[in-house]
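Q: Pasting the relevant annotations from Swiss-Prot:
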BINDING   GLY81, ASN112  anthranilate 1 binding site
BINDING   GLY81, 84-85, THR89, 91-94, 109-117, SER121  5-phospho-alpha-D-ribose 1-diphosphate binding site
BINDING   SER93, GLU226  Mg(2+) 1 binding site
BINDING   ARG167  anthranilate 2 binding site
BINDING   ASP225, GLU226  Mg(2+) 2 binding site
Amino acid sequence: MQTEQLLLKIIEQTHLTSSEMQQLFTSIIQGELNPIQLTALLITLKIRGESAEEISGAVAACLNAAQPFPTPDYAFADIVGTGGDSANTINISTASAIVGAACGLKIAKHGNRSVSSKTGSSDLLTALGVNINMPADIARRALDEIGLCFLFAQQYHLGFKHAVPVRQALKTRTIFNILGPLINPARPKRQLLGVYSPHLLKPYAETVAQLGHQHTFVVHGCGLDEVAIHGRTDVAEIYDGKITYYSLSPLDFGFQAKPLESLRGGEPAENAQMITALLQGQGKPEHAQAVAMNTALLMKLFGYENIKHNAQQVLDVIQSGKSVNVLSQLTRY
């Protein structure tokens, strides 16, 4: 089917199949849609909502076009959120990736510039002295040797540049925000994925199930694309294609709820200062709690089933200062 026909189907409120969406998104990545066509597509999808079939088709197109990364044969995971929750918190996922590596996990962190906060994962890591543009073979070596690497989305998904002017002009969340966490070029089968809206939990989980991930958590925590320290976290757990929905509270991790305001972030330099203090074991208790809760769930992907025990173990690792050593090693690649 021609691109124009596929566009017309979407504008007429018809859902595309996965293969149709893959074809259409391949056209976007190759720069074949003009700005008016792309705007119509993005806004129509946003208003009616993207189906799991459509998201999985777009993911397939993006991964097929991505620059290659040598996927490891050992167990590794990613922890990443859609962004776009407008909460402007510290970089919980990035800090959790570093702490997770200090706990002995293998984490290939996929990330980009900021979406809704002042500081995205790549902004923070740059401020911390990490080379976010390291070649794929060097990033893979870091993952092998220290258990952590960062894959900068713009380096691997070159075709996204064709959509940048339209996305900047629209100034609203689109399917591109939804795709980010699902298109890690390392292709992890284990992921902790945060979404900016509770309405995304179900389509995201169904997409993950279609993509054949081994074990994944999709979370939304009281307005955050993270596990929440301030209230309930809605969870979709996908294990070997089966989806289970439930909720978690800070008490499940052994903590009392803390105010969201305590996680407020700032510019990259400010966030880097706060995250460095955290990794040294000298950060705010609320920051340590947020990272402990998210890393505890991340550990469950590797078979550590008791999240309360995991959270305490993470706090011990944070206090030990091991995490800042992992960061220091990463800056040398």
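Glycine is no exception: its Cβ is also placed from the backbone N, Cα and C atoms.
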Q: Going by C-alpha distance, which of the binding-site residues THR89, SER93, HIS110, ARG113 is nearest to GLY81 (anthranilate 1 binding site)?
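A: Given the candidates THR89, SER93, HIS110, ARG113, the nearest one is SER93.
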Q: Any idea what DSSP makes of THR89 (5-phospho-alpha-D-ribose 1-diphosphate binding site), helix, strand or coil?
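A: The three-state answer is strand.
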Q: I need the CA-to-CA distance for THR89 (5-phospho-alpha-D-ribose 1-diphosphate binding site) versus GLU226 (Mg(2+) 1 binding site), whole Å please.
A: 10
Q: What residues, ordered by sequence, lie under 8 A Cβ-to-Cβ from HIS110 (5-phospho-alpha-D-ribose 1-diphosphate binding site) and sit at least six positions away in the same chain?
A: ASP78, VAL80, PHE150, LEU151, ALA153, GLY180, PRO181, ILE183, ASN184, PRO185, ALA186
Q: Between the Cα atoms of SER93 (5-phospho-alpha-D-ribose 1-diphosphate binding site) and GLU226 (Mg(2+) 1 binding site), what distance do you get, rounded to the nearest Å?
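A: Cα to Cα, SER93 (5-phospho-alpha-D-ribose 1-diphosphate binding site) and GLU226 (Mg(2+) 1 binding site) are separated by 8 Å.
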Q: Would you mind reading off the Cα separation of ARG167 (anthranilate 2 binding site) from GLU226 (Mg(2+) 1 binding site), to the nearest angstrom?
A: 24
Q: Just the number: how many Å between the Cα atoms of GLU226 (Mg(2+) 1 binding site) and ARG113 (5-phospho-alpha-D-ribose 1-diphosphate binding site)?
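A: Rounded to the nearest whole number, the Cα-Cα distance is 17 Å.
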Q: Look up ASP225 (Mg(2+) 2 binding site) in the DSSP assignment and report helix, strand or coil.
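A: DSSP assigns ASP225 (Mg(2+) 2 binding site) to coil.
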